[in-house]
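According to TrEMBL:
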REGION    281-346  region 'Disordered'
COMPBIAS  281-319  compositional bias 'Polar residues'
REGION    360-379  region 'Disordered'
REPEAT    436-469  repeat 'TPR'
REPEAT    504-537  repeat 'TPR'
REPEAT    538-571  repeat 'TPR'
REPEAT    572-605  repeat 'TPR'
REPEAT    606-639  repeat 'TPR'
REPEAT    674-707  repeat 'TPR'
Amino acid sequence: MIVQEPVQAAIWHCLNHYDYPDAVFLSERLYAEVKSDETLFLLATAYYRSGKTTQSYDALKERYSLSTQCQLLFGLCAFELEKFAEAEAALVELDDGTKRSLDDIVTDFGDEAPFALVLLGKIGAQTERNPRAAEAWKKALKLNPFLYSAFEELCKIGENPNPNAIFQGENIDNVSMCHGHSVNNIESVIITPANQGEIVENSKFTDFTPYKALTITTNLKPKAITFATPDESPLANPLTMSGLAPIIVRPRKSQKMRNDCRRNEEGSLFISRAKDSIFQNSKPVLSQSSNVPTKTPTGLLNTQPNQNVRRSSRLFSSHSVKENNKSPTRNKFVTPKSPSRKTKQRLTKNISKNFQNLEQGRSETITSDAKTEKNLSNSSGENCIQQAMLLQKHSTDGLMNLLRTIGQAYVALSSYECQTTVQILSSLPLNQFETSWVYCLMGVAYFEMSDYESSIKYFQMVHSQDPHRLECMDIYSTALWHLQKEVALSALAHDLINTNRNHPITWCVSGNCFSLHKEHDTAIKFFQRAVQVDPKFHYAYTLLGHEYITTEELDKAMSCFWNAVRINPRHYNAWFGVGTIYSKQERYSLAEWNYSRALSINPKSSVILCHIGMVQHALKQTDKALATFNRAIANNPKSALCKFHRGSIYFALGRHAEALKELEELKVIVPKESSVYYLIGKVHKKMGNTDLALQYFSWATDLDPKGASSQIKEAFDPAIGLNNDLLESPQTPPTPIYPPGSINLGSEGEMHNHGMIFDGPADDSVDSVFD
């Protein structure tokens, strides 16, 4: 026969110390002996924590309705196994077939309700029920605002929650929803006033469960530990997040303190430092100076060892002294002679009287001490509760303040307000700012603004600070691709392969590396491998689709983009990819619709606006196209792609002075683009500046000998360029070829200083310079 509670304690001990094999073994033995909902939950927990999700699911499948703990764990296992209907049924369905509302979940699940609601929200998001998911996540955050993942999920589905309303300590209805029952209430930890420096804490163990391992009662018991006061604690700093438990200071114990802590284990008297000083300075009951007994607690009159005090010295109170008294007059006292019978009688009476006085003094001492201890305990307890409440408030307010700041930055980034994101994150304290998570957000924000140099700087710090971190490394590789940093990208791919070969980001980074080296077939294989590793990684589909565009496999590219949209409808890069395919197929209306869909998700992207303007120009909506280009350049004044196409439209409309001004500004931004010099030469040719036209054509030839030579011949030989007039009023927009790494987070097709985006045109068309 197995006694249940000790075995349960042993199992939790193994789980808490990461000894999962022994926890599983003991759980199986216990469940074989005692089949109850508690032992079943313990067995399933051991399976789940040891990575055996399927076994945990099988163990709970038939009996998960026994308790809410089992229901939550079964729902989590079913969700991870992608059995979403079963996961939802475990959380909302009752035995009688009725379904729980969100309020019913809060009532039934208790402290586990916020986590059940977070899981229910994930199920709703996976089954394309975003309104239900948002409702569940908002309810979870109301119960427990510490669940930041629910806030992130709301941002990802486009809800844009208000962090100032969510992360407020005053909005917490029930503190146990946030902290559980490890600390039941504010009276569980008593902190003495600072001038006493003593500790009073009582711990009494109750039934051991995973969420209620320690219950602390209000009976006081002295311990040799000291809790810091709110002023001394680092939690007094509003931005310090060390939790709600007071920090324990462990001073060196004196022998006397240890003895005092051992005595009276059940009653546990409150002893202050002031009282200790009284004990230390107390005099013997019978002293040379006075016969009046001193108020001294029982048990503290201990003679020093190895000293024999004569009985007569203790009895003759009027003339006796302590044996160890080092007064120089001690030799004046001599041992009295044997008294007569009358003297003995008087001595007997005096001794009895002295003992009566002694007992009376002792009773007065005990009564007085008891009253003093009671008053000290009451006043100290009230002060300690107030300090504990202040400590808890400081800790909660500090964490809420930090979450509000981070939440504002995350909402701004999810809305592509990148400059706002950078400003908010820069206001964080240095110890919070210099973390990998914040650096990742900074890198993504700069990447969205097409500031690849700054983006790379932050991602480099992330990789240096946390080499095994894979989060956002795919964006880092894309930034390296844009700046043509082959060595850095190859080194990053090598590091990630050594770190984790079974993660999709690793293969995406390797695919971008081979794409940069123009090995497109190999890049496609790596992107396909990323999709195999994680079929739900939408960015891998997007990269694969753009690589297929490079190899002119448009049907396969379209399939990849639709898969990415299916997984994440807010992945605007995939919508942009679909628009790019329709643009290449000259289906401009469909291209404009898909570009507009991408713009509705990321309204700040100058690249998307630029391509919408190109399509509008192809649809002969020239004025509308110019307005779109103006809006794009207002968002990003250094957008080379937008400036080039606006200059092209000015040239086609005969506004040569404006075209020349635009292209001269562009030449400063991208000084090595042959297409820019070629277009400037054509503008000078139209304006009659033949010498300047020849000069710019010559520079274009130097920068791109293969692409520019035929253009120059057609520009100056009327027999070859009979269709120049037609081509200078273009009806079709350019169709840029985008490498797979270029379509990510607002940087699609952006020109850069390395001159790798523009390919020289095969004919004289100004708008075909990207073909």
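Each residue, glycine too, has its Cβ placed from N, Cα and C.
Residues 409-410, 413, 416, 418-419, 421-422, 425, 428, 475-476, 478-480, 482-483, 485, 488, 492, 495, 499-500, 604, 606-607, 636, 638-639, 744-747, 750, 752 of the same chain sit 6 or more residues outside the repeat 'TPR' (436-469) yet have a Cβ under 8 Å from a Cβ within it.
Within the repeat 'TPR' (538-571), the DSSP-based counts of helix, strand and coil residues read 27 helix, 0 strand, 7 coil.
Computed over the repeat 'TPR' (436-469), the whole-number mean pLDDT of the model equals 93.
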